[in-house]
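Summarising the annotation, TrEMBL assigns domain 'Citrate transporter-like' to 2-481. Under the heading transmembrane segment, TrEMBL lists 7-23, 29-51, 72-89, 150-174, 340-373, 385-403, 428-451, 471-495, 515-534.
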Amino acid sequence: MPVGRTAGSLLGAMLMVLFRVMTPEEAYAAIDLPILGLLFGTMVVSIFLERADMFKYLGNMLSWKSRGSKDLLFRVCVVSAVASALFTNDTTCVVLTEFILKVARQNNLPPQPFLLALASSSNIGSAATPIGNPQNLVIAVESGITFGQFLLGVFPAMVVGILANTFILLCYFWRYLSADRDQLEGGGAHGPEVVADEEVTSHRFTPARMSHASSVNDSDCISEPIRRSESMNRADALRSRSYNSEGDIQVAIRSLRASSLSREMVEVSTVCDRRDVVVDGGGGGGPRKITRSTSHQRSVIIEDAPEQHQHPAGLFDGEKDKDDEAIGKRRRWKVIVWKYAVYLTTLGMLAALLLGLNMSWTAITAALILLALDFTDAQACLEKVSYSLLIFFCGMFITVDGFNKTGIPNTLWELVEPYARIDSPKGVVLLAIVILVLSNVASNVPTVLLLGTRVAASAAAISPASEKKAWLILAWVSTVAGNLTLLGSAANLIVCEQARRAQFFGYNLTFWSHLRFGVPSTIIVTAIGLLIVMSY
């Protein structure tokens, strides 16, 4: 049933209650609120970091004084791994995919190795911290392992895994990366599948979302009226910018009403035609021409008719320039102060996590501080939170808990458990294979929910240290398992979809092209990481 993972998880939860596997009260009790709070807090923090240009700075690090294609590939691996460990792998893939495509195309380099580097390194890097991906959030809350202990246990494996993954990429694509630019430009070396211009759309993704619509319904191709406030009528003009909602437009109007530029582009939704409409600006502002574009994004361009700048009477040109310069300087300082406040709040959250404070409330507190510092209506920011992901988790908690009540998982685990104990190398290998297969068949989050307590209980019978080690093994293998196939993790799908829909730089990353690299990379990186985690 192609209903998507969110609706699928809710369907499973509903069936558990309808077939009386569990009561409605037990279903509500199965929802783990600390995990949802931690996930919500980290998404809000990621949204503010994106607004504060953190990811733009990370993107600039990729091309700054680059020494060639191999150096660029290494930078993509390192930057995406570090960013994923701190801001989740899905957020990193959303904000860096188009930038990496652009850099590769501008340097006549094949996009495939850089896209694979981004997706695979983001998955590996996210294994290092509890906030790197959703399954690690579950493991950190269920196991009680602190942020620092988690970092010490998996971070060395992540570093070595990134180096091994980069080495595999360089070996696999050495000929392509070493080819002359003229050959690459001719397309003979790598044969990329580029999406035709008419099939490419500029599709904006919000940084916190893990899954996005792949197409636009024709019924959505209807323009919505844009309400203009009185402050817009008094404004001289508006700066060219893009926004996701009408609330963002109104905030932009109020913040930019004194700007001296003469047009603004507002990206709202989707339109299918182009129409010019002339309306009365009102308030003496002159006529305005509204143009609706033909792209799959709705854009509204508001152009002011030429008019003289209005200044208070009696001001000379020199005084006007000084006044404008002072206003601009104050605005720049406000932006700088706000950015530093966002960065400091994020660092404070990480410090609190390292000190062992409650992870869920720490993330929520940081999110609320940022919302307060923004000093505007929080609706525009909160609209970007991926509530579908939160609902997906609710459905999965109920579904997995109901499935556990049937006794089927216990029966299957009793057959495997004697041979999958972590006190022997064969047991570790078998356990890793079970986690690897289940993560690609049933996805990593359900796998962690199903196996987590069972693997931990089996290891606790050996020693308390073995229990902690079992949780870390589960975190490492279930995360790296996402690199096996294109469908193994949401980060892979985000890179694929973003690359296919990237305007002017579109590229189709196929399932088989990913599989040819993913299988050897996943096996080697998983094995190396297991050796390091077991020695912790």
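Just so you know, glycine gets a Cβ as well, placed from its N, Cα and C.
Residues of the same chain lying 6 or more positions beyond the ends of the transmembrane segment (515-534) and with a Cβ under 8 Å from any Cβ of it are 116, 120, 124, 127, 153-154, 156-158, 160-161, 164-165, 168-169, 172, 422, 428, 432, 436, 469, 472-473, 476-477, 480-481, 483-486, 488. The highest tally of CB pairs under 8 A with the transmembrane segment (150-174), across 7-23, 340-373, 471-495, is held by 471-495. The stretch from 29-51, 340-373, 385-403, 471-495 with the most CB pairs below 8 A to the transmembrane segment (428-451) is 471-495. Annotation: stretch 29-51 has the most Cβ pairs under 8 Å to the transmembrane segment (385-403), among 29-51, 72-89, 340-373, 471-495.
Non-local neighbours of the transmembrane segment (7-23) in the same chain are 1, 30, 391-396, 398-399, 401-403, 405-406; each lies 6+ residues outside the stretch with a CB under 8 Å from one of its CB atoms. Restricting the average to the domain 'Citrate transporter-like' (2-481) gives a pLDDT of 75.
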